[in-house]
Amino acid sequence: MSLITHILACLFGMGSWVAINGMWVELPLVVDEVPEKWFLPSYLTVLIQMANIGPFFVTLMHRFRPGVLDERPVIYCIVGLGIISTFLLAFFWKHTVMIADSFHSVPLLILSFLLSVVDCTSSVTFLPFMMTLRPQYLTTYFAGEGLSGLVPALVALVQGVGVVHCENATLSGNTSSGNSSSVGSGELIAKYQPAKFSVQVFFVFLSAMMVVSLVAFILLNHHPAVARERRSDQYLFEDLENKKREQSLSLHAQTPEQKPMLGTLEGAREEPRSSFGKGTYSNLETFSCLPYGNKAYHLAATMAAVANPVACFIAMFVPIRSLAFMCFLTVFGTGFGAYIMAMAALSPCPLMVQSASGTAVIVLAWILFVLTLSYVKVIIGVILRDEGHSALVWCGAVVQLGSMLGALSMFPLVSVYRLFKSGDVCNTRCPS
């Protein structure tokens with residue numbers, strides 16, 4: 001295998017969700033400067049789901065006009081759009097427009113929608129493009145996809161996003177400043193530490209990461225070292241159909257444990273996994289972790305982001321395709337997900353909230369939850385690659401469907417009915 005191809009596949013995968021992941025980790029600094037305040041995450045959730053029009057169009061094209069749509073021009077368009085949108089976001093994110101006698105962050109919302117279209121559409125274009133390379137590089141791509149969440153999170157940690165200190169309200173003077181929130185005279189207030197660099201610099205960094213992804217994609221198409229790792233006939237529909245027919249005939253000569261699992265079965269199991277990962281649990285991270293303290297929250301967020309590429313590297317060297325093992329990992333990871341949801345429901349006073357063991361358990365639960373289900377995701381992608389080009393298209397579409405269902409199911413619970421409650425980091429007191 002070519003090392004440079006592995007590096008390029010990883011850098012290409014980093015561009016898949018880096019824009020939206022970067023937006024989420026930067027929210028603590030953004031919301032203080034926009035009129036929507038902490039309602040902005042709810043707006044972003046709706047915009048991301050509306051952006052599924054991109055993968056919906058691509059999936060319909062593959063369904064009704066198979067073999068017509070080439071992913072490569074689409075990837076050039078969406079990555080270029082991502083570069084332009086993140087760069088413009090750096091200069092216009094604070095601009096507001098008067099609508100119905102109130103100010104709204106229209107440029108921020110429009111650019112966030114465009115970035116959502118870019119990232120959602122990447123699920124149904126980046127994966128099928130990886131069909132042009134050998135199967136080993138698909139795992140490297142998934143590692144890069146995991147890094148699209150880890151790298152912005154690490155940069156945000158260096159920036160100092162969300163670092164809070166508690167001060168006495170009577171000693172802190174004017175408590176109505178932009179970076180503090182008062183909870184009453186004589187009580188503690190939360191004062192957020194100034195960032196080491198601005199939001200504008202962070203968005204320019206995201207734009208630079210998209211440029212790196214575009215350069216990696218260009219080299220994946222034109223570098224001589226990559227050409228030796230690519231099959232030129234992967235995009236020919238007739239050859240794909242012949243390959244699938246040969247695979248289906250070979251199923252009869254294999255033992256049940258050796259048979260590759262069909263795309264429909266794998267897609268059905270990928271849907272709840274993606275629902276848990278992108279849609280449902282992204283809304284619960286603050287509720288489940290913040291009661292244990294800011295350190296617990298940042299540690300869980302960072303280590304969970306690390307667990308994703310780690311799972312990809314494990315899958316690269318230990319690819320276990322056993323159906324029984326995959327089901328076990330799915331149940332095992334879902335068990336930790338149930339614990340996370342239970343702690344979020346008990347917020348602001350979850351179990352063992354005042355003990356170090358409680359902090360360790362919630363951090364470990366997040367790590368194992370992401371680690372196990374990320375491994376399952378990678379193995380499903382590798383198996384579906386053997387099923388053909390269209391299988392990876394449907395895999396990406398089902399991932400987006402799961403994300404949409406998870407987000408739409410959690411949105412009313414969190415934002416409308418407010419079943420999950422957040423405590424005050426400085427003043428919440430829980431019974432022993």
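Glycine is no exception: its Cβ is also placed from the backbone N, Cα and C atoms.
Keep in mind it's a predicted model, so treat the numbers as computed, not measured.
Taking TrEMBL as the reference, the stretch among 5-29, 105-129 described by the feature transmembrane segment is residues 105-129. Long-range neighbours of the transmembrane segment (73-93) within the same chain, counting only residues 6 or more positions beyond its ends whose Cβ lies under 8 Å from a Cβ of the stretch, are 15, 19, 22, 30, 34, 54, 58, 105, 107-108, 111-112, 114-115, 117-119, 121-122, 125-126, 129, 199-204, 206-207, 210-211, 213-214, 217. Annotation: stretch 42-61 has the most Cβ pairs under 8 Å to the transmembrane segment (391-414), among 42-61, 105-129, 201-220, 325-346. The transmembrane segment (105-129) and the transmembrane segment (42-61) are in contact, since at least 3 Cβ pairs between them lie under 8 Å (pairs 6 or more apart in sequence).
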